[in-house]
């Protein structure tokens, strides 16, 4: 028998499998010193839970969101969905510090796991394949979505041009730039509480508050990033210029701010300001490199989004391993070395994207009409 039939059933499975990722995020909360754990089992569980949630979230969720959203407004829809990520991180870190101090760190996991299951149940009830099958959709909304879908080209069966994709420099520029940007994001998400605790010795609750500030700013900037891209497009800037401009703004300035942290001489206000600005500006890349796959190959955008995001989020596995190694090997200069590595990776990925990134449909992604004699 078929357990999964169509996008709706697959969409129902994804949030449930995503719950471990929700739980694993709280290992990064201020109440836990992730790389000072004395129990090897705890470290093992951390990596397993994080990897489990990572694979589920990235390889399944985003391409499926694209398949459900569809339509000519795909980039805007994907951006509106992805802006919830920093808001969730803000709530997780803020409440993680408060709950950990008030009730103990185990309750952080109970709360996060419970919320993940609740949202999964809501997803089961509210998500449907199409407007026609949705029982509660409004008439005007239904007509708008159907009119948008009517403008799409029919999706006949077609083979995936794997060889052409693997030889495509624009595709690899998206992968490498996304990887370098996610290295930045994962470093901030994983090490912000640890760095603040190391530098300023604050308690768990205050650490949670300070560590969460950058992510609420990131949420606000993420909402404005799409508006900036729309403004540039309204001024008749080319798509490729807009994509590269917002990617540049979301990648280079945060890297410069982070690599400057070791030279601030433990200045409390400037350090928190730099961390907040670095994390806050980073989401400007969302309307750039992260939706670029929709430009170069609309017919295969679901696959390209999944592949590029999957490649990018390998950094979520590498950042804790390499960061922990650098800090353990050289406690005095470990932070500096980690931040310099972040800067080098981001500059390399950004330069590669600026040189080889494109925003026009590639030849291998164009629809070919077969003429029969």
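Numbers here mean position along the shown chain, with the first residue as 1.
Placement of Cβ uses the backbone N, Cα and C atoms for every residue, glycine included.
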For TrEMBL, the entry transmembrane segment belongs, out of 44-65, 132-153, to 44-65
Here TrEMBL annotates transmembrane segment, and of 8-30, 77-99 the range meant is 77-99
Would you say the transmembrane segment (209-233) and the transmembrane segment (269-291) are in contact under the rule of three or more C-beta pairs closer than 8 Å, pairs 6 or more apart in sequence? yes
Sequence-distant contacts of the transmembrane segment (245-263), meaning Cβ under 8 Å and at least 6 residues beyond its ends, amount to 177, 180-181, 184, 187-188, 195, 225, 228-229, 232, 237, 271, 274-275, 277-279, 281-289, 335-336, 339-340, 342-343, 346-347, 349-350, 353-354, 357
Given the transmembrane segment (338-356), its same-chain partners at Cβ distance under 8 Å and 6+ residues beyond its ends are 169-170, 172-174, 176-181, 183-184, 187, 191, 244, 247-248, 251-252, 254-256, 258-259, 261-262, 289, 322-323, 326-327
